[in-house]
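What Swiss-Prot says about this one:
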- 1-16: topological domain 'Cytoplasmic' (TOPO_DOM)
- 17-36: transmembrane segment (TRANSMEM)
- 37-101: topological domain 'Extracellular' (TOPO_DOM)
- Asp47, Asp161, His163: Mn(2+) binding site (BINDING)
- Asp47: site 'Interacts with target acceptor peptide in protein substrate' (SITE)
- 102-131: transmembrane segment (TRANSMEM)
- 134-153: transmembrane segment (TRANSMEM)
- 154-162: topological domain 'Extracellular' (TOPO_DOM)
- Arg154: site 'Important for catalytic activity' (SITE)
- 185-199: topological domain 'Cytoplasmic' (TOPO_DOM)
- 200-212: transmembrane segment (TRANSMEM)
- 216-238: transmembrane segment (TRANSMEM)
- 242-262: transmembrane segment (TRANSMEM)
- 263-279: topological domain 'Extracellular' (TOPO_DOM)
- 280-303: transmembrane segment (TRANSMEM)
- 304-312: topological domain 'Cytoplasmic' (TOPO_DOM)
- 313-330: transmembrane segment (TRANSMEM)
- 331-373: topological domain 'Extracellular' (TOPO_DOM)
- Glu360: site 'Interacts with target acceptor peptide in protein substrate' (SITE)
- 374-396: transmembrane segment (TRANSMEM)
- 397-404: topological domain 'Cytoplasmic' (TOPO_DOM)
- 405-423: transmembrane segment (TRANSMEM)
- 424-427: topological domain 'Extracellular' (TOPO_DOM)
- 428-452: transmembrane segment (TRANSMEM)
- 453-468: topological domain 'Cytoplasmic' (TOPO_DOM)
- 469-494: transmembrane segment (TRANSMEM)
- 495-868: topological domain 'Extracellular' (TOPO_DOM)
- 550-554: motif 'WWDYG motif' (MOTIF)
- 613-622: motif 'DKi motif' (MOTIF)
- Lys618: site 'Interacts with target acceptor peptide in protein substrate' (SITE)
Amino acid sequence: MQNAESWFKKYWHLSVLVIAALISVKLRILNPWNSVFTWTVRLGGNDPWYYYRLIENTIHNFPHRIWFDPFTYYPYGSYTHFGPFLVYLGSIAGIIFSATSGESLRAVLAFIPAIGGVLAILPVYLLTREVFDKRAAVIAAFLIAIVPGQFLQRSILGFNDHHIWEAFWQVSALGTFLLAYNRWKGHDLSHNLTARQMAYPVIAGITIGLYVLSWGAGFIIAPIILAFMFFAFVLAGFVNADRKNLSLVAVVTFAVSALIYLPFAFNYPGFSTIFYSPFQLLVLLGSAVIAAAFYQIEKWNDVGFFERVGLGRKGMPLAVIVLTALIMGLFFVISPDFARNLLSVVRVVQPKGGALTIAEVYPFFFTHNGEFTLTNAVLHFGALFFFGMAGILYSAYRFLKRRSFPEMALLIWAIAMFIALWGQNRFAYYFAAVSAVYSALALSVVFDKLHLYRALENAIGARNKLSYFRVAFALLIALAAIYPTYILADAQSSYAGGPNKQWYDALTWMRENTPDGEKYDEYYLQLYPTPQSNKEPFSYPFETYGVISWWDYGHWIEAVAHRMPIANPFQAGIGNKYNNVPGASSFFTAENESYAEFVAEKLNVKYVVSDIEMETGKYYAMAVWAEGDLPLAEKYYGGYFYYSPTGTFGYANSQWDIPLNSIIIPLRIPSELYYSTMEAKLHLFDGSGLSHYRMIYESDYPAEWKSYSSQVNLNNESQVLQTALYEAVMRARYGVSPTMGTQEVLYKYAYTQLYEKKMGIPVKIAPSGYVKIFERVKGAVVTGKVSANVTEVSVNATIKTNQNRTFEYWQTVEVKNGTYTVVLPYSHNSDYPVKPITPYHIKAGNVVKEITIYESQVQNGEIIQLDL
């Protein structure tokens, strides 16, 4: 019994760590299981699919991997900034489990981020223990397991991205660096050069190296550690630090990290902060040299050099400041590109223009209206944000009293992470560790002051005096920190994201039914040369074509369809209209087909993929990228729908025109300009009004309208509209926007009421497929003479999709000099499942003629004479 009690006293923390790990497994693996292992093995988000692509290619070519990918950002190709750590970790795991492609490989990869999230309790424990104590460390390890928000979402089953490993290795680097410092401080050089002592900074160097190999911009840990040293030297009279051993630990750490990075340092032509280039190597080596210079300054200080030259105690801090200024100045003079790259890191906290439409880039504490909010703080950290802030303030107060170097270092890190968080909400997954560590400090102090630790000690045999009232209060505070945080995490962990079935089915169809599938599948697994520049189109070994969609979907198109997307989630291929740059934004927001054709011709577009999100919510992002700034996108939007107290549904140009006490539908209705864009004509109008684009595939309906279809006739416009209005009003009562399928219906309703007569393209008020694929074709050219009094010619045909939905294709052209010319994209004998089920009806005045178009005529742009 005594042995068991003794063991528990010594290793009690292990039981808490095991409990934390089990809770983490529940949140990260068990909760989202059914959303990942479903109709396929569904990886989350976008970037995990690109890792899947890289890992599949690496397994095929092991141990070689690609550093340039001509399969994306077509036709130029992209340099690959996804680091080797996760690529090789996933490849080795796939090889070990004989899962080298497809669903079996994705099943293995799905567990990697969750494992990283579970293991994160260890570096958080280490870091907290080295700065505070074991009790706070155990609490921090428990808290990091239940932090909700970005950290949870990026360490959940299926989300195989490097983000969890960024956070993991950054905290590991800080923890092992401070561990090395704590083990070295107070010892002479001969003792610290022993194998056991040297192991500490070597391990720290390995963790920094792995951090950079997980994320190319991970070199930022070097200036953070140098900042630790800078303040330790500048505040030498205040901070209690063993500066000599601190400098030596840094020298060894940076040297080892440079060696770890060295094999991957030359995979990009030039310097870059994100691609694997010599830049990171120079930062790490330069940091080692700077640390060595700090060591030399401290040696001079020890022998009284600064006193002898008349500088006194201010000499050493002054020397450090001068050295820092000289180094920065030399960088700007000798290598301005290097310095510019270094300073570019600062821009991550000041996103502008289109970048502000990226969800993970938007400033953390502000709404899109510019209002300050703490909503994100609650969603991403639960109660731990507030406990963490209290912990930071307490730590700052305690530092002023104790003057501890590790505590100062941790505060510098916390401040740096807070600044990053302020600028971009994506850095919430970094700040999670800050909130856990400092919440643990705050709770540990509370537990100590309120006798909870005494009560726990009494439970295993101690006889401490305590106040049960205090203990109860401590438990209440613990509950306030833990319970709401866990409840949030539990609610957020049930869904892992990723492509829905409509998207997956559409891209699987594309892979199997668009030209040259075998060539693309073979080329997908090859190694590619890395060009010196990607400013010019890549030289492909066979005739290729591009697929244009919004950048969110580029990785899915590449990984699932094995086709070449023009835009991708690296924000490549987006383009703009203000500088006339061909790309996805300039294509989809094009206000006429001729401009869209200019873009498509430049980028060799063959297929267009649109979804209901691009048609509705994501259109705003496309407009901002195209126009260059948030306010400039407003021209695509008009007024609002409302439900009045008298029970009528109305439209108002502004909120000021809405009757008092009305329910405002939280949905901006598009302006006339929107309805003239390519995105509207493709998805909303099903291609009506277009000459060179035809639908070839339609996915199933959005989920909500698929469920409505059991009670509503989707061909009955009145029933569809009433259902949409009812849903919109019911959701508006709670301030919630209509579902996307309903937004489409309301967009169509607004068009019929406001703009249809002027624009002349009839639209049926009905939902349609979530994803649509269009083919760009030359089109059959039908031309002929008309009567003298005819000013326009209209064409229509009924089209039936693979979902058995029918719609009317319409096009109207002007008559010039008694002659009309219309280009028709659909053929009646197409191999694609979407095709006309009636002849084209061509009408000029009172004359109507029918015509059947053949696939060869559409593909070759043949001219057909038909006088009216």
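Every residue, even glycine, has its Cβ placed from backbone N, Cα and C.
DSSP gives Asp161 (Mn(2+) binding site) a coil state; it is part of no helix or strand.
Tertiary proximity for the transmembrane segment (428-452) is limited to same-chain residues at least six positions away from its ends with a CB under 8 Å from its CB atoms, namely 120, 124, 127-128, 131-133, 135-137, 139-140, 143-144, 147, 149-151, 154-155, 163-164, 166-167, 170-171, 364, 376, 380-381, 384-385, 387-392, 394-395, 410, 413-414, 417-418, 420-421, 464, 466-467, 470-471, 473-475, 477-478, 481. Listed in sequence order, Gly45, Asp47, Pro48, Tyr51, Leu86, Pro113, Arg154 are the same-chain residues at least 6 apart in sequence whose CB falls under 8 Å from the CB of Asp161 (Mn(2+) binding site). Confidence over the topological domain 'Extracellular' (495-868), given as mean pLDDT on the 0 to 100 scale, stands at 95. The Cβ of Asp47 has fewer other Cβ atoms within 10 Å than any other of the binding-site residues Asp47, His163. DSSP labels the residues of the motif 'DKi motif' (613-622) in these numbers: 7 helix, 0 strand, 3 coil. In the structure shown, the C-beta of Arg154 has more C-beta neighbours within 10 angstroms than that of any other entry among the recorded sites Arg154, Lys618. The secondary structure of Asp47 (Mn(2+) binding site), as reduced to three states from DSSP, is helical. Secondary structure at Arg154 (site 'Important for catalytic activity'), as computed by DSSP, is coil.
Cβ atoms within 8 Å of the centroid of the Cβ atoms of Asp47, Asp161, His163 (the Mn(2+) site) belong to the same-chain residues Gly45, Pro48, Tyr51, Arg154, Phe159, Asn160, His162, Ile164, site residues excluded. The list of residues near the transmembrane segment (17-36) in space but at least 6 beyond its ends in sequence, with Cβ under 8 angstroms from a Cβ of it, reads 42-44, 110-111, 113-114, 117-118, 120-122, 125, 138, 141-142, 144-146, 152, 155-158, 486, 489-490, 493-498. Cα to Cα, His163 (Mn(2+) binding site) and Lys618 (site 'Interacts with target acceptor peptide in protein substrate') are separated by 24 Å.
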